[in-house]
Each structure stands twice: as structure tokens, then as C-alpha cells.
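Student: Sharing a structure below in C-alpha cells format, with a few things to ask.
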């Protein structure tokens, strides 16, 4: 039986997890700084070393948290929209579209801001193409939406491969890092965090209706859900959340697929709890993974997408083998 | 006299270019039970979901409690009628109690959580279909018949005055078939609910309904009291197979020739 009290307790403990991940992200690294110095800098009256940490590590951790949260939220929403527990934020080709935009900007050596801008434009482009093609005759079934998304993603993949193959080698490293997902090239952290807050605030009022939608369109409609309107809203929200994350940090894989799954296994499928819990868990996981990505083989850095995939693949296979037949 | 719980005015329904019913009128008062019979593919389910306001009719109007379905907000419609579909699938896990509680959705505000009272109603509904003690079971571990009874419990939890049931007896064994039919007969008799059900057994339709609507699948349909319309002659024509009628202690029985 879902109750507010249980949801509150679970969310409170996930908040602690998020705080712990931030603490680790701020203290871990080649430059050792005492926790007291970091706290002093956070409070705005620190000396040199603490300030460096706060100016370099905090923005990166915030961006990581925002992207992880956005991906987990988008994944949870996509899974309900497609009524398929194996859907993820990229399944409808949004990261492919963003990838095409970003690769194009990098191929021509455009500045960082232009890379982000074109990536976002590409994500929106893919979103409208998929929606236009899938919605064409008004039927807009899950299967049709899914197939259209997969095909558009494949097309984008081909374009990306084309641009990678004609790019010169000096640019190739940056392009590959972008494609694997990397927080090292993040331009700014606040747009993603703002997007996360807005997306969560827009999704929460519909949480109970999403519970019904996941049980079937006709069932949801019979129980009083304005199904068409809800599905448009969810599609837009999930797409924009994915676009915001991909623009900030490239296509980081598996967070959007695995986190909603893990949370569902642990707490059940009530979206009122699942959505905020996924945001907190996804954000924390990405902060932790990124901290590992920049410390395990320091001073070299790994793209965080590689780490999330390395963690994600075995977890996902394990979950898949547990799927009810 | 109050407005009928369900009214169809000059209703035309089509699916895939085929006419199901053409300018049909129908009215259902509190306490009345109507059976819909017809061959496979005649359009019974399509007609039922149109009567529930879940798909728009080609022409005409459906009125729930005197108000046009097309103008009612989905939530308002959900407070007036409960609809049982033929197919349930649950891609995500959920417990039996959580599933039964979904019926309370139209009664709750946007930020409300289910209260103790709602849980009480859901437990009573589960008890009514013989699923008590299974509240914490996962739905995908239920058998087909148990899953069907859970759907019926969800419908009872919704507490609407009009029930639209698409093959409510599918997957049910004989004693649960009778229990479910008795349950809705009781709801009609004691609470003044109106029931429309798609059935395949004319004998059960005769025994548990007041009126029957025969859907021929070519746009023709016929209505009448069960005594008048459920006869060997009409049913033989409806199903395209000869039937013989036997009367036993007030119950009517039909045997294929």
C-alpha cells in the first residue's frame, strides 16, 4: 500500500546518498584539500586551496547530478510512455540527433557554445521528426513510435559515423569523448540543473495518472485520464529532459535505463515515488561515476559514459534475467 | 423520473469501414441489466467502448446520466461509468491491492494519496470476488481467472452506477461465472446500478439480464426483453447455427442441433 510516509522516508535517505556523493566528489582528486577548508569555501570565506576545489569540482558535480537526474527522469517517463520497461531516453533517437549536431560543430571546429547549441538543435530536430512521422495519421501507437525512433536513431548513427570517418585526427579524440558522454567539456552547470527542476515539477502533478497509463491506454482513459494530452506532455517532457542532458554532457549511456529499473525493483512502480527517487539516485550515481572517471587513472580522465556503461551492462543483464516471463 | 444512467440517441458505430449499429436508440434505467450478444467480430466490443465514451461514434450521441459523453471531462465520465476491457497486460510489476486501488483514481484530487478508507473499499471489493488474502501478491503471478476477478474488483472499487462489461466471464470457472453474475445482479437489485454485458451464453443472458441487444454484424440490431428476444428462432439466425430451446424451472436453455 503506497503511503506518503513511506515515500518521504525513502526520498530522505536518497537525499543523504546525494549529499554523500557530493562530499566524495568535492574531496576526491589529485589535489588533497581538508574537508574543513572546503566547507569554509562553500560558506564563502575560504582561502586559496579550498576555493580552487569549489570552483572546479563543485560545478562539475552539479552538472553531473543534473544530467544523471535528467536521464533517469526521462528514462522513467519513456518507459511509461512506451509501456516498455526496456525503453531508455535515447530509444527515440534524441541523442542521435544531438550527436549529429555536436559532431557537425566539432568537425568545423566551432566553439564550445556552438557545439552545445547545435547539439540541442539536433535533439529538437530528431524529436520533431520522430513525432511527425509517428503521429502522421493520428494513430501514434507505442509500436509505431518506437519503430520510428529506432529508425531515426539508426539514420543519425550513420551520419555520425560519416562525420567521424572524414574528421581529421586532432579532432577525433574530442568527438569520441562527446559521443561516449563526458562531463569534462561542460560549458555551464546551471541550465541542466534548472531543466531538471522544471521537468520534475512538470511531471509530478501527473504521477498518479502515469501509474494508470502504464496499465494500458483504454484502462487509463476509462478511469478518467485524458490520455492523449498526457502522452503529448510526457513525450515533450522526456524529450526535452534528454536534450538538456545530452547538450550538457554528451550521450551518457545506461543511467536512464538502469536507474528507473533499480528504483522500481526496490520501491515498486508508483510514479509518485519512482520519479523523484530516480532523479536522486540517477544524479548520485552520475556524480559518483564521474568522480571515479577522473580519479581512477589520474591524471588521465575517462569519459564518464564508459564507466556508467561498464556498471550498467552487468546490472542490466542481471535485471533482464529476472524479468517476469 | 430521473435521467437514464445510459442513453444512446441515433447512435451509429463503424469499425474498419463496417457498420456495427445504425441509428440505434437505447436507454437503461437504474436497476436494469442488458446483455449484448452477437457473433465474433460483429462489433460488440466496439459498441461497448463507444457506449463507455472511450471512442467517438460515427453519428449520434451517448449520454451518461443525462449528459453528453463527448462533453464530459474524462474524470466526470469515470465517476459515472466503469468499463471492463477484454485485455489486461501489466508490463510493470504491481501488487493486487495497488491494482484494485487504481479504481479510486477519479475520486482523488491531483495531490491526494489513497486513504485508509480507499484501502478499505479496495479490500472489500477483493473480498467480493474471492481474492481476499492475496493483497500483496504480484499481478503477474495470478492465473487468468484471478486476473479477470482482479479487474472486476478494480471496477467495484471505482463505485460507478453504470457497469459496462466486455466478456466478464472470460477465463472464469463455472462457480466464479455464477458468482460474478450474482454480484452484478445484486448491484443492480440492491444499489440501483445499471449493467451492460457482452455475453456468449444466451442461457446465462436469459437468466441474469432483463433485456438483450442482438448485434448481427451488418448494421442490423434488435432489442427486447429476454423472454421475447432470446428464442431458438432469433438466436439460430444470429449465430447462423440451429439451436433448440429447453425450458426448465423458469430457466431457458439452448442446445446446438
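Here the Cβ of each residue, glycine as well, is placed from N, Cα and C on the backbone.
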Student: According to TrEMBL, transmembrane segment applies to one of these ranges: A:37-59, A:60-82. Which one is it?
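Tutor: Comparing A:37-59, A:60-82 with TrEMBL, transmembrane segment matches A:60-82.
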Student: Transmembrane segment per TrEMBL: which of the ranges A:89-108, A:209-228 is that?
Tutor: A:89-108
Student: Any residues 6+ beyond the ends of the transmembrane segment (A:60-82) with a Cβ under 8 Å from its own?
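Tutor: Those are 18, 21-22, 25-26, 88-89, 91-92, 142, 145-146, 183-184, 186, 188-190, 192-193, 195-196, 199-200, 203, 210, 213-214, 231, 234-235, 237-239, 241-242, 244-245, 248-249, 252, 255-257, 259-260, 263, 271, 274-275, 278-287, 289-291, 304, in sequence order.
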Student: The transmembrane segment (A:145-167): which same-chain residues, six or more beyond its ends, come within Cβ distance under 8 Å?
Tutor: 81-82, 84, 87, 90-93, 95-97, 99-100, 103-104, 106-107, 122, 126, 129-130, 133-134, 175-176, 179
Student: Same-chain Cβ contacts of the transmembrane segment (A:187-207) under 8 Å, 6 or more residues past its ends?
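Tutor: Contacts with the transmembrane segment (A:187-207): 59-60, 62-63, 65-67, 69-70, 73-74, 77, 112-113, 116, 230, 233-234, 237, 240-241, 244-245, 247-249, 270-272, 275-276, 279, 283.
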Student: Mind checking which residues reach the transmembrane segment (A:234-259)? Cβ under 8 Å, same chain, six or more beyond either end.
Tutor: 63-64, 66-68, 70-78, 80-81, 86-90, 92, 94-95, 98-99, 102, 116, 119-120, 123-124, 127, 131, 177-183, 185-187, 189, 191-192, 195-196, 199, 202-203, 206, 210, 213, 278, 281-282, 285-286, 303-305, 308-309, 311-313, 315-316, 319
